[in-house]
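Chemist: From TrEMBL, here are the annotated features:
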type	residues	note
DOMAIN	24-307	domain 'Gcp-like'
BINDING	H111, H115, D300	Fe cation binding site
BINDING	L134, V135, S136, G137, G138, D167, G180, N272	substrate binding site
Amino acid sequence: MIVVGIETSCDETGLALYQTDRGLLAHALYSQVDLHAEYGGVVPELASRDHVRKLWPLLQHCLDEAGVSRAQIGGVAYTAGPGLVGALLVGAAGARGLAWSLGVPAVGVHHMEGHLLAPLMEDDPPAAPFVALLVSGGHTQLVEVEAIGRYQVLGETLDDAAGEAFDKTAKLMGLPYPGGPVLSRLAEQGRNGMFKFARPMIDRPGFDFSFSGLKTQVLLAWQQSDQGEQTRADIACAFQQAVVDTLTIKCERAMRETGARCLVVAGGVGANRDLRARLQQAGLAAGWRVCFPRPEFCTDNGAMIAFAGALRLAAGQAESSAIQVQPRWDMARLAPLEGAGAP
Ligand code: ATP
Ligand code: MG
Ligand code: FE
């Protein structure tokens with residue numbers, strides 16, 4: 001079955017075609033970064049309107065690239081939440097309309113399940129049970145995955161998400177929006193040990209995170225510094241080390257306490273080179289495997305939604321034709337997919 005994936009939860013329009021027995025056929029992404037840059041953050045109404053403009057041209061692009069006709073589409077998957085309600089509604093309405101006109105089933109996908117399953121699209125995919133570290137712009141969670149669709153959140157951030165901390169820290173040091181990737185590139189030019197920031201919450205039991213205090217520490221250090229180019233890189237380096245250390249320590253703890261043999265990392269911060277290297281090292285030392293998506297599938301994309309939706313459609317899950325989205329949606333309440341393997 002060929003499944004269309006539609007991602008419109010925030011400021012990226014992602015489209016993809018996934019065939020259950022052949023894998024990913026095509027994918028296309030349009031980022032609205034330039035549209036929102038002058039406001040320094042995502043403007044929800046502008047995001048929705050831009051998704052409306054890009055949705056069908058991107059689908060057509062994918063169909064052309066894969067040499068697939070509309071008649072060959074067997075199902076449609078779309079992000080139903082969590083995310084910006086207007087942006088989600090554009091994807092949901094488009095997906096439902098497409099499915100209805102073709103007479104095929106449609107299924108709403110949880111955006112974080114999409115992120116979590118993205119590493120399963122790579123070669124030699126991990127099989128459940130495993131532990132997942134979800135680190136994105138809106139979430140920082142450690143999730144115990146008993147089976148696909150059966151998720152237990154072990155811990156999460158009490159305030160800022162890891163990606164949000166990267167973005168806000170970049171902004172307060174005057175880096176352009178969106179700051180996360182820029183800050184992480186700058187960190188590579190920073191000198192080790194010039195600044196030292198705390199590793200929040202590591203001395204407390206459990207798996208929760210807190211990153212907002214770290215941002216305040218950076219603000220103070222930046223304000224009291226000479227605010228030169230090298231200083232900015234030095235602070236970026238120390239900040240990134242603090243975040244990466246904290247995430248690594250909590251992952252090691254989760255792997256120890258659950259006895260899991262595999263750690264899956266997903267979400268935009270999963271593209272961070274330092275984090276990837278540190279977790280690889282930790283896994284090597286302790287004897288567990290680490291799986292990441294390719295960097296372009298760490299951040300939002302349509303491929304992960306097509307893939308997660310293909311699994312759910314193959315298990316017979318689809319919904320009525322009502323257009324529904326869930327801007328807030330707890331992963332632990334998803335329907336399990338017993339016995340489902342990679343499609
Ligand atoms: P959510 O998935 O929680 O709804 P989102 O979809 O906005 O949030 P993603 O698209 O998964 O988040 O990831 C975007 C985030 O990842 C941004 O905060 C961005 O700064 C961060 N990010 C991307 N690349 C890097 C990197 N190399 N290093 C650190 N952070 C990064
Ligand atoms: Mg985004
Ligand atoms: Fe995301």
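Keep in mind that glycine also has a Cβ here, set from the backbone N, Cα and C atoms.
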Chemist: Which binding-site residues, if any, among S136, G138, D167, G180, N272, D300 have a Cβ under 6 Å from ligand 3, given in order along the chain?
Modeler: S136, D300
Chemist: Going by DSSP, is N272 (substrate binding site) part of a helix, a strand, or coil?
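Modeler: Where N272 (substrate binding site) sits, the three-state DSSP reduction gives coil.
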Chemist: List, in residue order, those binding-site residues out of V135, S136, G137, G180 with a Cβ under 6 Å from any atom belonging to ligand 1.
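Modeler: Only S136, G137, G180 meet the Cβ criterion.
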Chemist: Sequence order is fine: just name those binding-site residues in H111, H115, D300 with a Cα within 10 angstroms of D167 (substrate binding site).
Modeler: none
Chemist: Test of understanding: give the count of other CB atoms lying within 10 angstroms of the CB of H115 (Fe cation binding site).
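Modeler: So the number of other Cβ atoms within 10 Å of H115 (Fe cation binding site) is 30.
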Chemist: Starting from the Fe cation site formed by H111, H115, D300, give every other residue of that chain whose CB sits within 8 Å of the mean position of their CB atoms, in sequence order.
Modeler: E7, S9, T79, M112, G114, S136, G267, N301, M304, I305
Chemist: Filter the binding-site residues H111, S136, G138, N272, D300 down to those with CB closer than 6 A to an atom of ligand 2; keep them in sequence order.
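Modeler: If the test is a Cβ under 6 Å from any atom of ligand 2, the answer is D300.
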Chemist: Looking at substrate and its recorded binding residues L134, V135, S136, G137, G138, D167, G180, N272, figure out the farthest C-alpha pair and report it in angstrom, whole number.
Modeler: 17
Chemist: Over all shown protein chains, what is the count of other CB atoms within 10 A of the CB belonging to G180 (substrate binding site)?
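Modeler: Other Cβ atoms found within 10 Å: 25.
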Chemist: About how far apart, in whole Å, are the alpha carbons (Cα) of V135 (substrate binding site) and H111 (Fe cation binding site)?
Modeler: 13
Chemist: Given the binding-site residues L134, S136, G138, G180, N272, which lie within 10 A of D300 (Fe cation binding site) by CA-CA distance?
Modeler: S136
Chemist: To the nearest whole angstrom, what is the C-alpha distance linking H111 (Fe cation binding site) and G137 (substrate binding site)?
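Modeler: So the Cα of G137 (substrate binding site) lies 12 Å away from that of H111 (Fe cation binding site).
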